[in-house]
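Below is one structure, written out as structure tokens, with a few remarks after it.
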Amino acid sequence: MNDFKYWLFTLHIFLIACVLILPSELFGYIITIIIVGFTFFYYKNGLLLLFVVFPVRPFLVEINGGLTLLADFILLTALCIVVYQRSQPISYWIKEYKWVGLFLSILIVGLLSGLHTGISVPAGLFQIRALLITFLVIILVKESHWQRIELDRMIIISIGTSLFICVHGWIEKLSLRHWLLPAEWQDWNLASANEMRIYGLLANPNVLATYLLIVFFSTFLLKASYPRSKTLIVIRVLLAGTSLLTYSRGALLAFAIGTIVFIVLRKAWKQALPLFLYAFVSFSLIYYPMVSVAEKIDESGYFNKIEEETPPEQVKEKPAAPIIKENNVLIERFKEMFSDQTIQASAEWGRIYVVLKGVEIFQDYPVTGSGFATYGDAASQSYPSPIYEKYGIPANLYADNQYISLLVSTGVIGCLFFLILCFLFIKKVWLLKNNLWRSISLSAVATLLVSGLFYNILEDKTFTLYFYFIIGYVLNKQNLEKCYEMD
């Protein structure tokens, strides 16, 4: 059955909430089985639930490890149901998805190269899962028919989830990371520049900013359904303001480029002014007041007093961080992007160091790379890299650059496959006759490509969930709706 059931969606949310209240891993496994079981009969319920689960997955897994594979099993189950219902011969799948061979080739090159370098099989499979799981959304969405009301429902679910995350982020900000965070997250030894950022339920300020901006822009697709809704304006201000609290330069820059691409393709020059107004209002009504109040709380020493009253054995010592005036920090972060001090620090430990060290490794493995789980990817965070000691690389290094990560792990061959795949994606969406969705798709591709300069964006399950949904949606010509309007 393909129909979406509100009662079932509500039940799923309730069950997940129960797992958080009673954080037993066994209970988490049971709830996972129950939700996946319902997905067999209502796969679109399961798919739309992913727009709740993926954004808060780091928090869910931290509280209850029994939910670790919930999203994966939902997605795989829904995909199996769709493939079964389509009842197409193998020749159809080969003809329709021959381009997927390029993506699979990248995975094979990365795995085999990694095994040759000395990684374990679980480490290689871990990285394949990190890159592949949301990629399957393309097939799932393309092989399904989506009515406009279903897309609206997906956006509304995203709005509800994002607002919940926003409220949590405000509490995190005002409590100086003392409230509503797992104990392990509270004990993170963050640098003063990062301590002022909100990490949210996604446990990463850059991923949080990316997610909030995705939902921000998706709300513009609701005008046709809610033409006079003032609520959408308020929601956009809340989302934009909270994204500013992450101080994520990369996310803001990537979406700025994507927005410019959309405006140019759509010739929607009038859309620029409202966006500037949203930026100004969100800065004035959300960012500035939130930062000011947080500074007052910090200066009052309220949470320092609480820590003093806590028994010593329950307190983990953290180096005292200086009180920093944040009101101008957002602007200063952009101004300092190319300062001599920033470049020097980056070369010693930051992104420039990652690139230079990556090039050094690439020179030793130019053709097929050193393989997955060897340099700065998700797998190397969980499994020891066999080359870190040789190159003097710290164990906790994360590339935060999709291109250097891909270059090191798959070499020239993997990068060539990736370039061809990107070209085919761009070609397919460029040929779309629907101007709105062509513009949306190409702006999403532009955002992806720019984000890759700052993050391992293909490992960001939240971003790729939405990105692959868009690609799958537009590849099915029956899905394209002509009645959407933009604010």
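Just so it is clear, glycine is given a Cβ too, placed from its N, Cα and C backbone atoms.
If you look up TrEMBL, you'll see 237-419 marked as domain 'O-antigen ligase-related'.
The transmembrane segment annotation in TrEMBL covers 29-54 (among others).
Panel annotation: around the transmembrane segment (66-85), residues 16, 19, 24-32, 35-36, 39-40, 43-44, 46-47, 49-50, 53-54, 57, 60, 129, 133-134, 136-137, 139-140, 143-144, 461 of the same chain, lying at least six beyond its termini, place a Cβ under 8 Å from a Cβ of the stretch. Residues or ranges marked as transmembrane segment in TrEMBL: 66-85 (among others).
The transmembrane segment feature in TrEMBL is assigned to 97-115 (among others). Remote same-chain partners of the transmembrane segment (97-115), defined as residues 6 or more beyond its termini with a Cβ less than 8 Å from a stretch Cβ, comprise 121, 123-125, 127-128, 131-132, 135, 139, 365, 368-374, 406, 409-411, 413-414, 417-418, 420-421, 424.
Marked as transmembrane segment by TrEMBL: 121-141 (among others).
The transmembrane segment feature in TrEMBL is assigned to 153-171 (among others). Here the transmembrane segment (153-171) has Cβ contacts under 8 Å with residues 4, 9, 48, 51-52, 55-56, 179-180, 198, 200-202, 208, 211-212, 214-215, 218-219, 221-222, 235, 238-239, 242, 245, 290, 469 of the same chain, all six or more residues outside its ends.
What TrEMBL records for 198-222 (among others) is transmembrane segment. Long-range contacts of the transmembrane segment (198-222) within its own chain (CB-CB distance under 8 A, at least 6 residues past either end) are made by residues 55-56, 58-59, 62, 151-152, 155-156, 158-159, 161-162, 165-166, 168-170, 172-173, 177, 185, 229, 232, 235-236, 239-240, 242-243, 245-248, 250-252, 254-255, 259, 451, 454-455, 460, 462-463, 466, 484, 486-487.
Residues or ranges marked as transmembrane segment by TrEMBL: 234-265 (among others).
Annotation source TrEMBL lists transmembrane segment at 271-288 (among others).
Residues or ranges marked as transmembrane segment by TrEMBL: 403-426 (among others).
Sequence-distant contacts of the transmembrane segment (438-458), counting only residues of its own chain at least 6 positions beyond either end whose CB sits under 8 Å from a CB of the stretch, comprise 131, 206-207, 210, 249-251, 253-255, 257-259, 261-262, 265-266, 351, 376-378, 398-403, 405, 422, 425-426, 429-430, 432, 464, 466-467, 470-471, 474. Summarising the annotation, TrEMBL assigns transmembrane segment to 438-458 (among others).
Counting Cβ pairs under 8 Å to the transmembrane segment (234-265), the top-ranked stretch among 29-54, 121-141, 271-288, 403-426 is 271-288. With a cut-off of 8 Å between Cβ atoms, the residues of this chain six or more beyond the transmembrane segment (29-54) that come close are 1-5, 8-9, 12-13, 15-16, 18-19, 60, 66-67, 69-71, 73-75, 77-78, 81-82, 134, 140, 144, 150, 153-154, 157-158, 161, 461-462, 465.
Confidence over the domain 'O-antigen ligase-related' (237-419), given as mean pLDDT on the 0 to 100 scale, stands at 85.
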